[in-house]
Amino acid sequence: MENSEGVKIESTVVTEEPLISALDIALFVVIITVAYFWYFKRDKQSSSSEKKPYTIQPSSLSSIEQTSNSSFIKKLKSTGRSLVVFYGSQTGTAEEFAGRIAKEGARYKMKGMVADPEECDMADLVEMKEIQKSLAIFCIATYGEGDPTDNAMDFYEWLQNGDADLEGLNYAVFGLGNKTYEHYNEIAIYIDQRLEELGATRVHESGLGDDDANIEDDFVSWKEKLWESVCSHYGIEETGEESNIRQYKLVDCSEVLPERIFSGEISRLKSYENQRFPFDVKNPYLSKIAVNRELHKSGDRSCMHIEFDIDGSKMRYDTGDHVAVYPKNSSELVDKIGELLNADLDAVFSLLNTDEESSKKHPFPCPCTYRTALTYYLDITSNPRTHIMKELIEYASDPKDQEKLKLMASSTPEGKKEFHEWILRDNRNIVHILEDLPSVKPDLDHLCELLPRLQCRYYSISSSPKVYPKSIHITAVLVNYTTPTNRVNKGVATNLLAQLIPTNDELPQPTIPIYIRRSQFRLPPKSQTPIIMIGPGTGLALFRGFIQERDYARKEGREIGEMVLYFGCRKKDEDFIYENELQEYVANGTLTKLHLAFSRDQPEKKYVTHLLEQNADELWNIIGEKSGHLYVCGDARSMAKDVHSIIVKVVMEKGQMTNSQALNYVKKMEQQKRYSADVWS
């Protein structure tokens, strides 16, 4: 944003005016100054506009990268590669899949590399045809309301706005999505179609992975057929060579000075000791926990209200945004891995990429101790994927353990069934696998290479910056559950947060790394616009911020529109969170209506969807007659779908429309941001 300065000039009446007055001189100076800055501003903009997009230099010690502009085409040509696998990843899964495809390319005499589209000039795709038997594969995730991942945003916009001639480009696409969301795999579908429109040749039909079912199975099935298509398209055969080759090599760092060793930082060494603005996914802010209190009044479940102190951080958020929390694994699980593998967890090591051309030098910040890697960087609580089963086979000394791993790593119906039952249904993580297959003793450095990165957890912000500019509030349910093997699995982030209780004395307050992720979930620009909010359970969290913002506007004397809230929980006397606050907003007029559904306070279950069906006239009055906004926050699997069906039915009946007309009406509401959903599965 450019700032402009106003110049105030005062004139004085005199008896005799000189030829050039002070006013003339002042005006002349102002004109010259403005012209000077305009000229150099234009020159600066002109220079910047000549720069190519997507040319962010990745860090690497490769001599080639030091002398080029990080062109993936140059890397492919200089190293004799013909396969490049791009990934659009928000949680790391797409990146992992991309790595597995690139690794398998060697079995088909296609040496591959993995590439982040954010670090590449994607316009270079037009030059892929210059490489013999070349292939570009895209592993692309869709998240949010049909949004591209952060690192694929520029590429997505380039495809939308450009008209490059991609004739000669051979490609395939695998999408990662979740069928519980309306915009299932929307980005992958678009990229697949758009590449074809621009003249590229689809080597294999796109694959659509469903994370709500078994995305690993979807990926493996697609990948097997992909290689069949590749062999047919290029007239090549599988070499039969196994691809279990280490991507990283172990480096002993026992002599590294302590101040050069990572201790949990996400990217920059000592970043938590020397905090620097701006704060983002690679540079989170170490926030103090200002408040941590229980919201449930009774029962065996826990819901926490937590406030992060951001005073002095320069961080700003808007109502409706999310906050990302960086968790760490429990010391109990970490110690268990060290015990099972008889490993020294405090040994300092590094994993260095064996591919010198890769922009990814390490799988996580190195050097560090094994304890640090297992605590802060690696996911040790999720269900491992089949490729990890395959890599563990060589470490099994018992033939029975070996056969079990081989079966689960296979793509046979029997193997898929065993993997589904023993890993997914029984909810085993890597610790459980090592416990239940005692002869499996992998090298700890290899295990660290295989395990996926520990991801931050996102929470809807349950406060308004107008009311709380110096803190961020979240509402989080403590996750604990018993698995079919009678083990207690604990949510990584919520169980850590439950331990971070601020004290009233002078002791240092507990802290946790966070950053703000922007959202498209926003209140209407005009405070007079009526809104309906549907948020059972912790879905209420985000609407707490909405209500605070409208209440702030009301207290300022501004007119506010109707605010109708639908909230549901199990029992009024047990888990009715923020009850007193909500009743106060009703009393002062900020909340026009509060519809409550307590599902277990009567013999028959009662949910917010039942209330919506009963209040069809009110719904149509706001979304139909008054062009109000409707918001849904909470469970995507059933609640959000049911709400959508009810809204379509209301539009049909009260708006006197056919089913197709009602669907189009609701679709238009979504396009106009009058129907918004912030849901999770």
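Cβ coordinates come from backbone N, Cα and C, glycine included.
Under the heading FMN binding site, TrEMBL lists 89-94, 141-144, 176-185, Asp211. Ala141 (FMN binding site) has a Cβ environment of 30 other Cβ atoms inside 10 Å.
A sphere of 10 angstroms centred on the C-beta of Thr609 (NADP(+) binding site) encloses 20 other C-beta atoms. Annotation source TrEMBL lists NADP(+) binding site at Arg301, Thr538, Ser599, Arg600, Lys605, Lys606, Tyr607, Val608, Thr609, Asp642.
Within 10 Å of the C-beta of Tyr459 (FAD binding site) there are 24 other C-beta atoms, taking all protein chains into account. Among the features that TrEMBL reports, FAD binding site is placed at Arg457, Tyr458, Tyr459, Ser460, Thr475, Ala476, Val477, Tyr481, Gly491, Val492, Ala493, Thr494, Trp680.
The domain 'Flavodoxin-like' annotation in TrEMBL covers 83-227. Across the range of the domain 'Flavodoxin-like' (83-227), the DSSP-based residue counts are 65 helix, 35 strand, 45 coil.
Summarising the annotation, TrEMBL assigns domain 'FAD-binding FR-type' to 282-524. Averaged across the domain 'FAD-binding FR-type' (282-524), pLDDT for the predicted model comes to 96.
Per TrEMBL, transmembrane segment is recorded for 20-39.
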Per-residue Cβ crowding (10 Å cut-off), top of binding-site residues Arg301, Arg457, Lys605: Arg457
Least Cβ-crowded entry, counting other Cβ within 10 Å, from the binding-site residues listed as Val477, Ala493: Val477
Alpha-carbon spacing, Arg301 (NADP(+) binding site) to Val477 (FAD binding site), which is rounded to whole Å: 8
CB contacts for Gly491 (FAD binding site) [other CB atoms within 10 A, all chains]: 18
Nearest of the binding-site residues (Asn178, Thr475, Gly491, Ala493) to Lys605 (NADP(+) binding site), judged by Cα-Cα distance: Thr475
Candidate with the highest Cβ count within 10 Å, taken from the binding-site residues Tyr181, Tyr607, Trp680: Tyr181
Binding-site residues near Gly144 (FMN binding site) (Cα-Cα within 10 Å), from Thr475, Val477, Trp680: Trp680
Entry from the binding-site residues list Gly92, Gly144 having the most other CB atoms no farther than 10 A: Gly144
Maximum Cα-Cα separation in Å among residues Arg301, Thr538, Ser599, Arg600, Lys605, Lys606, Tyr607, Val608, Thr609, Asp642, which the record lists as binding NADP(+): 26
